Amino acid sequence: CCSRRNSGTDRTLKGSPFFHKVHRPVCRGPDRSAASPFFQQELDTRHDKYERLVKISRDITIESKRSIFLLHRVTNVPDAEGVLNEAESKLDGVRQKIGQIAEELRGEDIYQFHRAFTPGIQEYVEAITFLHYIRHRSLISLEEINAKLVFMKTDNGSGEAPPSSAHVLTFQVTPADYLLGVADLTGELMRLCIGSVGNGDIDTPFQLSQFLRQIHDGFSYIGNTGPYEVSKKLHTLRQSLGKVEDACYTLRVRGSEIPKHMLADVFCTRTTHMDTEEGVV
């Protein structure tokens, strides 16, 4: 009986113009209009910071590549130390730009902006490890790289402020960026090998071959347990090692048959042939 009465009442109210107002009250949630400008400003600030980091990273990449190109001249200039000093001064300028990254990341989570500047840092690692190898014939460690990335900054951005207003900023290269930079180093060492042979230096290829084997063994121990990008670059590392070993084989077996001034041309031809077979070119 009650159900019939209620159903009749519902049918009566449905024909009334006030039905929606009586049975469907408007449910209002919390007012978020006041918080929207704050979130919008926060997102805009982070986006602007990300874009600034991308621009700095591009500058670091350009200057690091110029340093690498300069270092390749050590095989055909009489004053190699002058070239190394010039490359060191260029890398000092690169470190100042890394200091700008450290300033931008002060108080921030580095991994929120890591993708913005990691290409530049990897290129810097490649350049500094290349310079260190040419000078010392060894691989610079991650701790030695980070030890050079300590910066003294002042609040007003000038060096005339009193020491009390200065603060120290540090930038830490991540292990992944270090490994990726070292993996790229192998390509430069392969080019150094070919250039050395072209200038009649027969000992450098064998030193580079042994050094590259050590790097390859280290990356093989990492295997698939490291970052995804490291496993991708392992193939390029093996290519560089194979080309250097092929050059050493040619020097050992056919070195006496080929004039020294023609060795570089022979190696370049064999390298192009190897790349064609592997589908690189």
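Even glycines carry a Cβ here, placed using N, Cα and C.
Annotation source TrEMBL lists Mg(2+) binding site at Glu126, Glu188.
Its Cβ placed at the centre, Glu126 (Mg(2+) binding site) has 24 other Cβ atoms within 10 Å. All protein chains considered, the CB of Glu188 (Mg(2+) binding site) has 20 other CB atoms within 10 Å.
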